[in-house]
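Everything below concerns the one structure shown next.
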Amino acid sequence: MAETKCLAVVGSGQMGSGIAQLGAMHGLHVWLLDTDPVALSRASKAISSSLQRFVSKGQLSQAASTDALRRLQFTSNLEELRSADFIIEAIIESEDVKKTLFLELDKIAKSSAILASNTSSISITRLASTTSRPRQVIGMHFMNPPPIMKLVEIVRGADTSDETFHATKALAERFGKTIICSQDYSGFIVNRILMPMINEAFFTLYTGVATKEDIDTGMKLGTNHPMGPLELADFIGLDVCLSIMKVLYTGLGDSKYAPCPLLVQYVDAGRIGRKCGIGVYDYRRLPASIKSSPRL
């Protein structure tokens, strides 16, 4: 396959905007698509701020930051993605919604384009089945936040070709990422291990074993984790954690993956973490710099 020159990212949330930023920083022409103009405006500001932080830390020149912004275009029109060599989906963690999008992308993307999903748990094989090009569908799971975290998890579906895998690996390496490869099983590698730990932390809180502060302090100081599991859940989004636990529970058929009732309750109450101001912890009175901290 030819070298990727034009990248498209669908979904302008924290993951999508971060992936788009990576592409622009590494010389690609990038389209960032979202159906919500307000979300696109928010993403544009977030990318500009992130690039400026790289400049202020001496990790990027001002000229390179300016060039990256020039290579980045925002749109709500799916037709704009016809020129893309590589399209990465980074929308809500819902199989039905992703399948609908892949069906639409398959219709408008050029025949040589690769369709990748940033899903952290959903079957790539099932997503690929909605398209006419299953050999060109692959999982490319970035860690949050994409410009900072060094890992990309690549997941081949049942029909993913070697050419698609090598093109995806080359793109991740161009971004300076370390690559791990997972078989197409629920949760892949990272979330197969991480999410049950977070879920168990919720059970520990739910059953009154300890306070949220002591649970997080115990894991930070006792196991050298940079964030406690409940704090990390708030950073990821409790809604995302719950979605992944449901995928694990359904896909693996083991009761040990059943979501904790407290996690379910928090999501039902709209307490989904930092992005809304409250989750396990209340962030509404914290300084903006702490609320938006990208460090894990």
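Any Cβ shown, glycine's included, is placed from N, Cα and C.
All TrEMBL annotations are machine predictions without curation.
Since the structure is predicted, the reported quantities are computational estimates derived from the model, not experimental observations.
Long-range Cβ neighbours of Gly13 (NAD(+) binding site) (same chain, at least 6 residues apart, Cβ-Cβ under 8 Å): Ala39, Ala43, Ala90, Ile91. Sequence annotations record features per position, and here TrEMBL assigns NAD(+) binding site to Gly11, Ser12, Gly13, Gln14, Met15, Gly16, Asp34, Glu93, Lys98, Ser120, Asn144, Lys275.
The feature CoA binding site is assigned by TrEMBL to Ser50, Lys57, Ser120.
Annotated domain '3-hydroxyacyl-CoA dehydrogenase NAD binding' per TrEMBL: 7-184, in sequence order. For the domain '3-hydroxyacyl-CoA dehydrogenase NAD binding' (7-184), the model's pLDDT averages out at 97.
What TrEMBL records for 187-283 is domain '3-hydroxyacyl-CoA dehydrogenase C-terminal'.
Annotation comment: TrEMBL describes His141 as site 'Important for catalytic activity'. Taking a C-beta cut-off of under 8 angstroms and a sequence separation of 6 or more, His141 (site 'Important for catalytic activity') has the following same-chain neighbours: Asn118, Thr119, Ser120, Val152, Glu153, Ile154, Val155, Phe188, Val190.
Fewest Cβ neighbours within 10 Å among the binding-site residues Ser120, Asn144: this applies to Asn144. A gap of 14 Å separates the Cα atoms of Ser50 (CoA binding site) and Asn144 (NAD(+) binding site).
Checking each of the binding-site residues Gly11, Met15, Asp34, Asn144 against Lys57 (CoA binding site) by C-alpha distance, the shortest gap belongs to Asn144. For the binding-site residues Lys57, Lys98, the ranking by surrounding Cβ atoms (within 10 Å, all protein chains) places Lys98 first. A sphere of 10 angstroms centred on the C-beta of Met15 (NAD(+) binding site) encloses 23 other C-beta atoms.
The DSSP breakdown of the domain '3-hydroxyacyl-CoA dehydrogenase C-terminal' (187-283), given as helix, strand and coil counts, is 66 helix, 3 strand, 28 coil.
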